[in-house]
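K.L.:
TrEMBL lists these features:
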type	residues	note
DOMAIN	A:19-191	domain 'Glutamine amidotransferase'
ACT_SITE	A:77	active site, nucleophile
ACT_SITE	A:175	active site
ACT_SITE	A:177	active site
């Protein structure tokens, strides 16, 4: 099993690597197109801004290769938002792998960013999480609206998509690498997933 | 529903966890890694590591333990202490810290906040504020270099103004340490926290004064903070994180259940 973390030059690559290693897998952080293409699993992490992350991917000529992957791919936090078609954060076109839009969370009198542990309500066909209302760790100010690609939702002022999926591409708005045993279980299932 | 966070704070000095009373008389509590693991496993929602000497001594936090902590624990953690440049911040984040907290260096150079937010994103930039109630003037004053009593001094800022300044510069979260209360376990400064809550559009974390379980309930219920930091009560085993969460839940405060007590999937 080869697991690759795409080197987006964002800050939280290390914690994702350690989380995969705690599950007993070795993992490579790389921006090498061939290594990404040939990996069994690809993780696209990200913190920071969508515009900066897309700039990094373009500079590294990773946009098209990332769009053509066939193995299971997991975008985490900003990495999930990069899978959508467009982000309001910096008004930037993203990878357009999941036809959804990333928009700023509304001002509802609640503190922003949405930061801390919130519950997930997965859909029945979510292959990575079964349990209703398990807690995961979120830190974000932008979110994806609930639509047919949503496989889990959460609520903060309004309901938003906390996990999305289209074919082999999965996204998690929260940080599984920092979400305790729930996050560990999710990563483990992603790594063991068999796509049919 | 978003849970309120219970956050053990580990004051670090020379690679060990220490605790002082009112920022003084530090005693050694233990090694960093076993304590961090114990808290993570016993229900902490997050950890804060605060190198209390770093800013005052003009050096940055010792680096190696950050990566060891990141490797071992599966909850978020913040590193604070002496981070005063992009490079320092990058080092901490690339070793696996989820957030960095800036205090005195932000007072010396407020532009540092904007620079860090632009570089790493708002979500990982926490501003720590040491606030002292001056009963002579009746004002809340921001203090700096509080890690070292000989260098600790009042800044030019009143707390409310500094709070609004750092938020306008993009701070993602505020830890308000109420100095009059710190280490004496007589309860969080509910009055001050409540007064500032309305001016704080980002998550607000209460710090300083936790002494019994009811103090946590009160600060969440009355001051409406998003998280509560505590050190000595947990270090000294006066009660457990589980005790706090049980009381919070009984008072209808949203908490994340402790995983070790659940059947895992």
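Glycine is no exception: its Cβ is also placed from the backbone N, Cα and C atoms.
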K.L.:
In whole Å, note down how far the CA of residue A:77 (active site, nucleophile) lies from the CA of residue A:175 (active site).
P.N.:
6
K.L.:
Which residues in the same chain, at least 6 apart in sequence, have a Cβ under 8 Å from the Cβ of residue A:177 (active site)?
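P.N.:
The answer is A:12, A:15, A:16, A:18, A:19, A:20, A:76, A:183, A:187.
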K.L.:
In the three-state scheme derived from DSSP, which category covers residue A:77 (active site, nucleophile)?
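P.N.:
Going by the DSSP assignment, residue A:77 (active site, nucleophile) belongs to neither helix nor strand, so it counts as coil.
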K.L.:
Using Cβ-Cβ distances, find the residues under 8 Å from the residue listed as 'active site, nucleophile' that belong to the same chain and are at least 6 apart in sequence, listing them in sequence order.
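P.N.:
In sequence order, the residues whose Cβ lies under 8 Å from that of the residue listed as 'active site, nucleophile' (at least 6 apart) are A:12, A:45, A:46, A:47, A:139, A:140, A:172, A:173, A:174, A:175.
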K.L.:
Translate the DSSP assignment of residue A:175 (active site) into the three-state scheme.
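P.N.:
For residue A:175 (active site) - judged by DSSP and reduced to three states - the answer is coil.
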